[in-house]
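Okay, so here's the structure we're looking at.
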Amino acid sequence: MSMMNNFHRESTKLLQHLPLPKPSSLIYGNNQPWWCQILDPNGEIVTKWNQIFLVTSLIALFVDPLFFYLPNIRAESCMYTDFALAIIVILVRSIVDLFSALQILMKFRTSYVATSSRVFGKGELVRDPRKIVIRYLKTDFVIDLAAALPLPQFVVYLAMPLVRTHTRSAAHTNHAISLVIILQYVPRLVVIFPLNSRIVKNTGVVAKTAWSGAAYNLLLYMLASHVLGAAWYLMSVERHFSCWKQQCRKEQHGRTPCSIQYFDCLHFPDARTVAWLNSTKVYRNCNARIKSTDFDFGMFADAFKDQVTSADFVDKYFYCLWWGLKNLSSYGQGLNTTTYVIETIFSSLICLMGLVFFSLLIGNMQTYLQSMSARLEEWRIRRRDTEEWMRHRQLPPDLQDRIRRFVQYKWLATKGVEEEDILQSLPLDLRRQIQSHLCLSLVRRVPFFSQMDDQLLDAICERLVSSLNTKDTYIVREGDPVNEMLFIIRGQLESSTTNGGRSGFFNSITLKPGDFCGEELLTWALMPASNVNLPASTRTVKSITEVEAFALRSEDLKFVANQFKRLHSKKLQHAFRYYSHQWRTWGACYMQAAWRRWKRRKLADELARQESLYYMQWPEDEDEDEDEYADKQESKASENAQQLGATILASKFAANTRRGAAQKVTFVEPNDSSLRLPQIFKPDEPDFS
């Protein structure tokens, strides 16, 4: 027993000295469930949730004014509450309130940036749950709770049974619901503004596109019109009910005294109500369509003249929306008000709201729509400046047309976006991935690049720049220094050479997508001791059509050649020689020279054989005429002389071929010794060692 106690005591001491995990690691560990984790306020989850909650908040701002449409007037004789509409609105409102409750829970689990750590960078996040709760309770909790409470639901649920028992509950219910909606609408608006600012702070904009931004601002303007229309309808019903009460007081001392319960449709009609209807003048005196009435309805007269209060919900809603939109856009200038204080205040509020909201709508819409055409406007200004400059410098018309075509083609290809500026502002790793995504599939279409591995291709793609050329543009001329290699993506180029301007020589080929030009630069880059001077171009390259290509500058190619020794592989050597049009031209000329040498050698052998046969022949017919025989001999002698001259020339060419190096080839026509083709030099061999 003592041994067990000693073991327990020692194990307890050992556990006390063992390093236990900190509480923070238990709370914020990756193995914890999502409801136990502290969220980053700038993270993707919180950003997405803020956008979702913004939509639900706008829906809540739209749903709440629908409670104002619950009171109705039936045939201008009694007032009732539309409980069918109330049930639908309450269901939608309850769903929206669930999102408000989730927003409160999210804020209890969302960290915040400490104020003292905002000196540099994003700041340090406070992830202590206790500090987060205390800070939230001190700041936004009260407003969020007031916005999330389901007060209209409780009012309607408590008012529905009272309406059936209490004779004066219909008007009281409408007043209570309206008061609750108005009081709760303020915190719901207050919640929207910081939420909108947080979304802008995290993502930069509320709407990602210009059209969506314009639609968002137009939606806010329509929401304001919706609220004004609903409030106008509620005040119209209340104004009509006030007229009934005022006229009812005048008939309190008559033979059939008036009572407020007569205006409630749930208690209509009964015996006393029918007797009162036969003698009352309340409905006639409160008829807005009669001009002789004593009661002035003011700005609410249209609701009764057009029978809005007794119309169906859809007709009623769109009429009120149109009324709010019309008066908000016109700043309430067409309103005919009375001295009624509430009516005057409401008209003044419409005027101020119209001025503010319409100014914001026009300003924001103009900002978003101008952002769509900002590039186009810059291009128009640049094009106008170019036209003025060309006229000022008196450029030739054909040159002006070429400049216009290039400016138009560049706009169609880039839409005014400077890709180089965007790429240079990004980190190196992102630039590599973007360039690889944009260029790798196109670069692999070039046969020379298809022989390279991915690492080498990534290094080349990182340094490729786009090149746009219009029709009849000279990319490089023969003899000019080559400063870039061009890899064609779309279009066609004409590559021609005169071998240094020598007469009698011209070679022309067409470069298509997948081809490249400027291969002299690769020879220069692969030389271990290449000087600063760039190599001279051996060909003239001109665009036949509009050409889109990638360009690899000389300094970039030199860097790639020095860093990646795989450019010196035999496989790339053969690929370079096979797809290089300069080497192809030299190979074709070399094959032609060899073929002509063989033809001349064959002709010389044939002439020698015929010459030996000539001396072996003698005329067998001794009776042949001597003159005719002399003529034949003379013609044969002339033919043999010509053949002998060609033989001598062929022998001289063979001797020069044996003496000359493989780099020099001379073309001589057998029948014309004066026509001599220029010498074709072998292209410089890159140092692949």
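Note that Cβ sites are derived from N, Cα and C of the backbone, with glycine treated the same way.
Summarising the annotation, TrEMBL assigns transmembrane segment to 52-71 (among others).
Residues or ranges marked as transmembrane segment in TrEMBL: 83-102 (among others).
Residues or ranges marked as transmembrane segment by TrEMBL: 141-163 (among others).
Proximity of distant same-chain residues to the transmembrane segment (175-195), defined by a Cβ-Cβ separation under 8 Å and at least 6 residues beyond the stretch ends, is recorded for 50, 53-54, 57-58, 60-61, 64-65, 67-68, 70, 140, 143-144, 146-147, 149, 151-152, 155-156, 159, 234. For 175-195 (among others), the entry in TrEMBL reads transmembrane segment.
Proximity of distant same-chain residues to the transmembrane segment (216-235), defined by a Cβ-Cβ separation under 8 Å and at least 6 residues beyond the stretch ends, is recorded for 58, 61-62, 65-66, 68-69, 71, 174, 178, 206-207, 299-300, 303, 308-309, 316-317, 319-325, 327-328, 342-343, 346, 350, 353, 357-358, 360-361, 364-365, 368. Residues or ranges marked as transmembrane segment in TrEMBL: 216-235 (among others).
If you look up TrEMBL, you'll see 340-362 (among others) marked as transmembrane segment.
According to TrEMBL, the domain 'Cyclic nucleotide-binding' annotation covers 448-578.
What TrEMBL records for 621-641 is region 'Disordered'.
Model confidence over the domain 'Cyclic nucleotide-binding' (448-578) is summarised by a mean pLDDT of 79. Across the domain 'Cyclic nucleotide-binding' (448-578), DSSP helix (H, G, I), strand (E, B) and coil residues number 43 helix, 40 strand, 48 coil.
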